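Here's the structure we're looking at; comments come further down.
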Amino acid sequence: MDRRQPRQDRQVLMIPYGRQDVSQDDIDAVTEVLRSDFLTQGPAVPRFEAAICAATGAKHAVASNSATSSLHVACLALGLGPGDILWTVPNTFVASANVGLYCGATVDFVDTTPDTYVMDADALEAKLTAAATAGKLPKIIIPVHFAGQSCDMNRVAAMARSYGVKIIEDASHAIGARYLNQPIGDCAHSDICVFSFHPVKIVTTAEGGCATTQDDELAYRMGLFRSHGITRDADRMTMDAPGGWYYEQLELGLNYRMTEMQAALGVSQMKRLDDFVARRNELARRYDDILSDLPLTRPAQNPDAYSSYHLYPIQVENRARVFKALRDNGIGVNVHYIPVHLQPYYRNLGFRPGDFPQAESYYDHAISIPLYAGLTDADQDTVVAALKRSI
Ligand SMILES: *Cc1c(COP(=O)(O)O)cnc(C)c1O
């Protein structure tokens, strides 16, 4: 048997850039499920979905096994397919763009703002105007609430609606965040909003995602695509059910279901959502304060937004040297994000350096320093001391 040795070359990091916060209550919630009748397709997933609705004000929530899956079913529910176009931003995780390609659509990007690194409403306006003239409007745009901060959704939504373009918010970073004092996820400015529950995000289900919407039909269709395109609802069937065993496959769906253990963890974690976000904000204010004298750029705050602070991205000169010095000191810094269009896979589709200059110049200087609810003030001082030495 192949007995894997632990990797020796992997550095043990003292302070990671992000980390889950799992309590005894969380552990008890998961073990309780393991002793119950249902490990999947039981009562915990609907309970988790209800908790997401309660926290966001959404009418519907459809949980899945990842945000990537939720973005995919969101695109499918909106009818994205071959011949269609999807736009997102380059400053995001590859999944925001890949889901368009999964559906056979063409993907393009809208550049980001120089100070908050989210979709630039001016760039969107210019690109929409040109696309309308060329008859190449996107079917869907996916703005990303980078680091937990909403983009200018008022303007983005007004423009998209005027051109009949659908909006999916990639709020993977932004559960617990607010825009104009309303919770992200209420879909006041979008058709669908998607959250991630990967362990580095705000609350976790290990792997997991959720899509919210106010629209009954979109919720139904996302639920359908999440589970093989199968319905057991007699009202949705095309034929009369001959008996209780009967179900119908209506679409080519997938198996993107969340397990009961994941959902139970999520229900338990959601009880601490406000505390997690408050602590992240407190730590961010502390970084703002302690870092104010250093030669670096701190993340700007949009006064319309209350950020959930998934990340605290700074910009420095000589990023590679600072990054290495911090890693060598046991500080688990990271970079968010390598612009998606510069990935080899996307270069093969024709994208080039220089296509999205704002996202590229931000990337050249970006470092995300540790930020998570369990980070202590002392940990934070250790990070700042190492940062001071390295700059
Ligand atoms: C984490 C993340 C995703 C993917 O989330 P998964 O739950 O890991 O699939 C998508 N978009 C953004 C912006 C993310 O940060």
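Using the three backbone atoms N, Cα and C, a Cβ is placed for every residue, glycine included.
On a predicted model such as this, the values are computed, not experimentally measured, just so you know.
Taken straight from TrEMBL:
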ACT_SITE  Lys201  active site, proton acceptor
MOD_RES   Lys201  N6-(pyridoxal phosphate)lysine
Cβ-Cβ distance under 8 Å to Lys201 (active site, proton acceptor), same chain, at least six residues away: Gly18, Ser172, His173, Ile175, Phe195, His310
DSSP three-state assignment for Lys201 (active site, proton acceptor): coil
